[in-house]
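Report on the structure given below.
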Amino acid sequence: MSNATNNTLGSLLPQLEAAANSNSLYGGMVPNLRFNITMIVIWGILLTIHVVQLLMRQYWFSIAFICTGILEVLGFIGRTWSHSNVADMDAFLLNMICLTIAPVFTMGGIYYQLAKLIEVYGHRFSLLPSPMAYSFIFICSDIVSLVVQAVGGGLCGVAVTDGTSTTTGNHVFIAGLAIQVASMAIFLMLWFHFLFRIYISVRWEHINSRPISLSLLKISQTEVDYLYREKFHFLRLEPKRWVFHYFNLAITVAVLTIFTRCCYRLAELVVGWDGYLITHEWYFIILDALMMAIATVTLTIFHPGFAFKGKSTSIPITPGHVDPETLPHTDDVEDILDTSDSKQFDIEKEEFQASMKYPISTFKQFMSKIANLFSSKKKAKL
């Protein structure tokens, strides 16, 4: 009798849980408390590290990471909050919007690094008319993606508050993610083209032949360095500078993991709020949380501030397909070639602040809208 009773209770438990979570915004799934608290701690540590790196190295790329870190912490706070109440819309929106938008800022920072690398290796390796074109095109694309996603999230929030359908907001959100995925796919093609040029094409140029063979790998970077831009040879050749030597690999890992994560998020939203992906947390853990953690830890270790020697070396982004020092010396060119730390550091700061002006402004407006949304909902409840 006891065994029969236990078996009956055991078979009823899943049904009771499903009934209890029938109003779950996660399709019946309850976010794992331990995992989400762990992620809050991990992202809190990463956020602190990047604040310290910004203060110590004064490399402005950390601003992009800091925005990502804030959004990730808020997103996992939302998931932790949802554990105790899976029907709470405030917690769900905090999780969904913050975690979905967070990678936009990391990618904005990464786009800027390709322009830097083209400056280090030489303008002739740029497929676009100018190194800055990479930053301009893809950061603008990120801004569009961020704005569209923010509008979609806002429409969803308003629809929930009014008790109307969130279909329009969902479609707008999906469009924003689709723009981001398409932009990243194009960037990946340009990134691998750049890697092909600096690792394969230069070796072909060095041996004056075009064999497709693993023997090319036997040619060291030192042997072909004369084919790169001479001005920054000290960044490339110093033996102990392992951070720079593996920096391109780190960028590749970061972009591929974030791209994987964005494809997952797009598929999740397309399938729907009660679809298979959103109702099975392991997909989120592996394809979202783990991917973002790998990308951020990788770029924390191989931080651009270390790879490019932080504030001790400035790499101004200059226009054109030709390295500035090869042009006839005019006043404008002399300004570009002036490598005094104070002057070039100011240029570096201004360049990055200009490129991140609109993403940061949008980030502030977005956080303000989230705060206003939650505030208005609480007032309505009262």
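Using N, Cα and C of the backbone, Cβ positions are placed for all residues, glycine too.
Source: prediction; values computed, not measured.
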Looking at Asp323 and Leu266, does Swiss-Prot assign them to the same side of the membrane (meaning the same named topological domain)? no
Of the residues Asn6, Asn36, which is given the N-linked glycosylation site tag by Swiss-Prot? Asn6
For the transmembrane segment (282-302) and the transmembrane segment (172-192), decide whether they are in contact, meaning at least 3 CB pairs lie under 8 A, counting pairs 6 or more apart in sequence. no
By Cβ distance under 8 Å, which residues at least 6 away from the ends of the transmembrane segment (91-111) in the same chain are close to it? 25-26, 31, 61, 63-65, 67-68, 71-72, 74-79, 81-82, 85, 134-135, 138-139, 142, 145-146, 149-150, 153, 156-157, 160, 173, 177, 180, 184, 187, 251, 254-255, 258, 261-262, 265, 288, 292, 295-296, 299, 304, 355-356, 359, 363, 366, 370, 373-374
Is the transmembrane segment (172-192) packed against any residues at least 6 beyond its ends, judged by a Cβ distance under 8 Å, and which are they? 100, 103-104, 107, 111, 114, 127-128, 134, 138, 141-142, 144-153, 155-156, 251-252, 255-256, 258-259, 262-263, 265-266, 269-270
